[in-house]
Amino acid sequence: MIFSKHLFTRTEIVGNSPSDGMRRDSTTIPTTLSESKLGCYSSRDYKNKRVHMHSSCYVIKKWDKKGGSSSIRAIEFSERICHFGIATNLIMYLTKVMHEDLKTATKNVNYWVGATTLMPLIGGFVADAYTGRFRMVLFSSLLYLKGLSLLTMSQFIPSLKPCNNEICHWPRKVHEVVFFLALYCVALGTGGFKPCLQSFGADQFDDDHLEERKKKMSFFNWWNFTLCMAMLLGATVIVYVQDFVSWGVSYLILSMFMALTIIAFYEGKRFYRYRSTEGNPFMLILQVLIAAIRKSNLSCPSNPDSLYEFPKSEKSQGRLLSHTCRLRFLDKAEIVEGKYTEHRDQNPWRLATVTRVEETKLILNVIPIWLTSLIIGVCIAQGSTLFVNQAAAMNLKISNSFKIPPASMTSVSAISPIIAIPIYDKIIVPIMRKVKGNERGISVLWRVGIGLAFLVIAMVVAALVETKRLRMVEHDEVITVGGTRHETMSVLWLIPQYLILGIGADSLSLIGLQEYFYDQVPDSVRSLGVGLYLSVVGVGFFLSSFLIITVDHVTGKNGKSWIAKDINSSRLDKFYWMLAVINAFNLCFFLFLAKGYTYKTVQRKTRENCSDGVETMES
């Protein structure tokens, strides 16, 4: 990041109010004496009153002490335990209880996980444009709880159970309907919950205060740390209850935990900072595109200071963005024509501000990054589907008295981030800040790129381990005790690929994408930005299903499919090698994009140690 202290070139102070002709932005440049002393920001309290922080250096510590932070993290923690408690062992439920074959069960898992990570695009848009983030989180959490309640009832109500007997060859149709209805009710709840809660948590930090800005950078690291702790508990404790107690008891525990944290979240409403909505952001982007097309015959001026900029109204919460040289065609929307020089004649379909045009550029620039990040979701999908089936075909005994549930192996991928994130945040980032002289240490895209390199290694290791396992099966290297067949290859052989997957995906790539899609989108669509990040995983799961179907169709023509009904007759090693090659090519293209990427340049007011000053930052 590059910092330079200077005055705004396009802002002239010629009066004490907007009526005097002064251009002002209530969120970045206090212009009147009262605003300068009070630091009036766009953040509001639960009574819709503006939060005044500047005069007393009101920072996040006060928010932490009053419990708002704890209730937000608590409800996220409970939701993630519920999610991983369901998702981790879902493929085992579908194959063992509902008796689906491996290919059908894998597709159903991918479809459901894909839905839970694509719905946030809709939920984030509705929250940013209309409802606000707090209301969306509250409504979605209640819908989520409804889905958990349906899951619980499908296990306890006799008429909704899979069958009358404990062992049956095919479940009742009514159970299938209620079970999948409950799953997709949870998916709908996740759609509004996930993008809004994370952006709502990040909104509690003030971007224009240096210390709080640094806290926000750490916020994403520790947010993911919380997710990994939830994943660890969900994939061990909850899965253990499902496998050795009952599915119904596990769903009952999850429902009660979620209900308690919803109450805690609602009770903390008076301690939060809120952001007001600004309407449909896509209409503003469309206005920029139309304005640029209308002026396609004009030439862009050589001096960007002559382009039109007018700070947003006091009601707006966005910040001024500096002009960049990318996508120059859109700059034509900022050219002031002679007959449109008066503000009263401004037509938003013909004239746009520099900030509005730069926001449109931001949206267009995230598209190639989003596309090259989809392979991350594909790799994560293997961890909860094919990796689990590998574990089920191996020796699960750690000792004579303890046996690991196959789905609990996914908890290994949560252990590496739990160790790596504190090291990264407390040791690596401070060192890199001193070495590179910027706030972030390592840029978000290079962090994602390093994670992509780890994913290549993870797929190579997975292929080698599966090759060894298949060789043992081929040579019938098993032992028989009391007529029971036991695989000799220990499930612990899967630990390396899970650890590398956890470092590459959770510790590096996903946290980097969280920061990127929150920070590098317009301020008014940050929930939608988090939705874009979540959709990387969702679309990745759908792509994984598409790859499985395609590979099965193509290789099945030769007589032996790589994805057969039985894992021992499949060739998952070749499938993993294919993913390793795809990851390698994708990594090269991603690094090419990252090298030439231009980050968002924000004009902001600094408030370090309660001092004034204007600062431009290129993130």
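Placement of Cβ uses the backbone N, Cα and C atoms for every residue, glycine included.
Lifted from TrEMBL, the feature list:
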TRANSMEM  111-130  transmembrane segment
TRANSMEM  177-197  transmembrane segment
TRANSMEM  218-241  transmembrane segment
TRANSMEM  247-266  transmembrane segment
TRANSMEM  362-384  transmembrane segment
TRANSMEM  404-424  transmembrane segment
TRANSMEM  444-465  transmembrane segment
TRANSMEM  498-518  transmembrane segment
TRANSMEM  530-551  transmembrane segment
TRANSMEM  575-594  transmembrane segment
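Long-range contacts of the transmembrane segment (362-384) within the same chain: residues 87-88, 90-91, 109-110, 113, 117, 285, 326-327, 410, 413, 445, 448, 451-452, 455, 458-459, 462, 498, 501, 504-505, 509-510, 513, 516-517, 520-522, 525, 529, 532, 535-541, 543-544, 547, 576, 579, 582-583, 586, 589-590, 593, 597-598, 600, each at least 6 residues beyond the stretch ends and with a Cβ under 8 Å from a Cβ of the stretch. Against the transmembrane segment (111-130), stretch 530-551 shows more Cβ pairs under 8 Å than any other of 498-518, 530-551, 575-594.
Pairs of Cβ atoms less than 8 Å apart link the transmembrane segment (177-197) most often to 530-551, out of 247-266, 404-424, 498-518, 530-551, 575-594.
Beyond the transmembrane segment (404-424), the same-chain residues lying 6 or more positions past its ends with a Cβ under 8 Å from any Cβ of the stretch are 84, 88-89, 91-92, 221-222, 224-225, 228-229, 231-232, 235-236, 239-240, 242-244, 383-384, 387-389, 391-392, 396-398, 491, 494-495, 498-503, 505-507, 511. Long-range Cβ contacts of the transmembrane segment (247-266) within its own chain (Cβ-Cβ under 8 Å, at least 6 residues beyond either end) map to 71-72, 74-75, 77-79, 81-82, 85-86, 93, 97, 137-138, 141-142, 144-145, 148-149, 151-152, 155-156, 238, 241. Beyond the transmembrane segment (498-518), the same-chain residues lying 6 or more positions past its ends with a Cβ under 8 Å from any Cβ of the stretch are 198-199, 202, 217, 220-221, 223-224, 227-228, 366, 369, 373, 376, 379-380, 383, 387, 409-410, 412-417, 420-421, 424, 444-445, 447-448, 450-455, 457-458, 461, 526, 529-530, 532-533, 536-537. Residues of the same chain lying 6 or more positions beyond the ends of the transmembrane segment (575-594) and with a Cβ under 8 Å from any Cβ of it are 368-369, 372-373, 375, 378-379, 382, 386, 443, 445-446, 448-449, 452-453, 455-456, 459-460, 462-463, 466, 551, 562-563. Here the transmembrane segment (444-465) has Cβ contacts under 8 Å with residues 369, 373, 375-376, 379, 382, 387, 390, 493-494, 496-497, 500-501, 503-505, 507-513, 515-516, 519-520, 573-574, 576-577, 579-580, 583-584, 586-587, 590-591, 593-594, 597, 619 of the same chain, all six or more residues outside its ends.
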